[in-house]
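Student: One structure follows; several queries about it will come next.
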């Protein structure tokens, strides 16, 4: 069963009265400060913070209804706006060169930064009443020349719409309608100019929609670049973004992401904050599991002091202290939240628009007290709340006994900052902009006298617009102020570090600057040693998704993750990376190679089998020694040529074999030393021909032994065949020479510079040219050797007093063993070692022939000569 209960409340508008309404001594939206002058500047400042309490009504019902009751409090730091206003007004009024004989005054209203109260405040401003009563006005002839508003876009844009600054300039009666309510106001209000002192807002930069709004703050076009420069400076590549969800926040996020992409910085998360939703601290950081981990140490905050994020911090009462906060001066939470959580923001880096220090401002603050400004109810409340000055409820003022005592400078830093804030500086410039514009207007229209009305001057605000929109001047501190749409100056930022350790210290220390108009390498300046970090180890925090890849490694992206998350892999062989976080490795040139760490290329050493090299020297000495030894054996044989042992087995073949062995030893010398075209050809041709002569000679000697013993068998006449073994040598040699000639014609050997075979070396050696021709020559030589070995093995048991057949068999066995071993060893080596293997094989095989065939004969000739006499040989037939 549904029960509908309706309550009808009749609200009667009170009868309007132009007498001021006394709201009592409590602060409220109706409070204002007035200072008279010939010309007035209307100011709307957010001085009060509001809390809501629920008041119970209808207690006689079984249920209770509640209505909100607003409680207003003033924050001393916000009161600096009023001080800056008074400071500028008093300076101008004392300046005889600016607006002489004309005094400047102001009418200051306190507003609450909530959309629900903006309309009410606008109506009170239009009607001149302290209560928002439509259809009444107490404004007669006003001295208002301009309006100063801030700090966010809602109030300037809404009051601009209400005032009809661009939509209703032709309305002669000053009638307009808002939400169905008709209002009447003076015509001159439609032409009031608004100067905003809050942060630059792109919503208000539309000069077609808002032609009479002037933003004192320069545009934050380089703020994103400045923050990214800070990230790059500290190598922060993995950061969290917390941004207010409004037009300004969305534009900043777009600029920030663009700069982050250019500099390879990634966002771990993006949290947009809206007043439509309620958050707590844990919910705020639960969007990504990595946020609560150790990787994300840095948070970029773009918000204002009235944003949802401040509400979260105030509600939660604590914030993870081991983080680094990077923010702007508009989100100066350090001076706004409760004192017991301030240590969470120790080490915060704050970007603040640069403005020169005005030393006289601090001196002026020392003079501010309720005695000097007795009608300032806000100042009286500050003295009562924070300086314990008694308060008169009758007159809503502090008692004279203490109103002149004390100073705002005595308040703790989180209550009142003696340094001029950005907003106060913009208020200061706004008042001076109005004064300079009015001064130029009066000078240009000196012949047109202002309208006299009741002994005072009345100016038409619409005449000020051409001067205000083009005004350019230097304020008393020397800083240039330019309100022209095309003359906006580049923004310079000061970077402050918030120190709050020990807790309560509360210092903002300037540690760096950023100027986008300077050259790229001079834009960002930071004193790292001055920064106090809020991290556990007090060292510069590391906020990365993946640890940087050291030189010698390259980045490999992790699939499905941001570009800042990657793995590190070593570079490939002979590739280097000489920078941190290299995307790809660089291949070294052919004449260079990578060092062990693969961080840089080293020139390769040129190498070949030189005579100066120990290995080359050893092989050359061996070749010469064996050549000399062979020559010595030849000399012994020549000297004892008449002995039976020399005559045995064909003395001529022994001489040919010894000479060919000398040439075999000497043909290894062209392999040593710096190769050239001649030596490359000589190496292979001499090797092939000379060894063919040697092996064919051994074959001829073996055949001679076989034929000699067969010719002695009765009934056989084979002595004529004894002459035929001498033809073996020229025939075999001729075939090898033909093969060599074909080799030279097809693809001759040449000098080869090889930079890849051996690490760190460029090897100069002879290339075989045609591999097929080389193996044909080597194969033919092997065929002769195997044939000789076969014949010698078959004849090893023939009766011979000098064991000639056995020696020939053993010599060819050694020869074949050397070259069979040569092939796998040769192909398993590189560079000059490969050449050395070939030289050693030549020497070993030649030495095998020399040792196995001639050493036993020399032993008999020199040591046992009797064994070689005719007595020892009696009964033996010798072939001459």
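Just so it is clear, glycine is given a Cβ too, placed from its N, Cα and C backbone atoms.
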Student: Which is it, of 577-600, 721-744, that TrEMBL names as transmembrane segment?
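Tutor: Among 577-600, 721-744, the range TrEMBL annotates as transmembrane segment is 721-744.
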Student: Short question: which residues 6 or more past the ends of the transmembrane segment (685-709) have a Cβ under 8 Å from it?
Tutor: 649-650, 653-654, 656-657, 660-661, 663-664, 667, 670, 718, 721-722, 724-726, 728-729, 731-733, 735-737, 739-740, 744, 777-778, 780-781, 784-785, 787-788, 791-792, 794-795, 798-800, 804-805, 808, 811-812, 815, 842, 845-846, 849, 853, 877, 879
Student: Mean pLDDT for the domain 'G-protein coupled receptors family 3 profile' (615-877), as a whole number?
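Tutor: Across the domain 'G-protein coupled receptors family 3 profile' (615-877), the average pLDDT comes out at 83.
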Student: Thinking of Cβ pairs under 8 Å, which stretch from 652-673, 807-827, 839-862 has the most of them with the transmembrane segment (772-795)?
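Tutor: Stretch with maximum Cβ contacts: 807-827.
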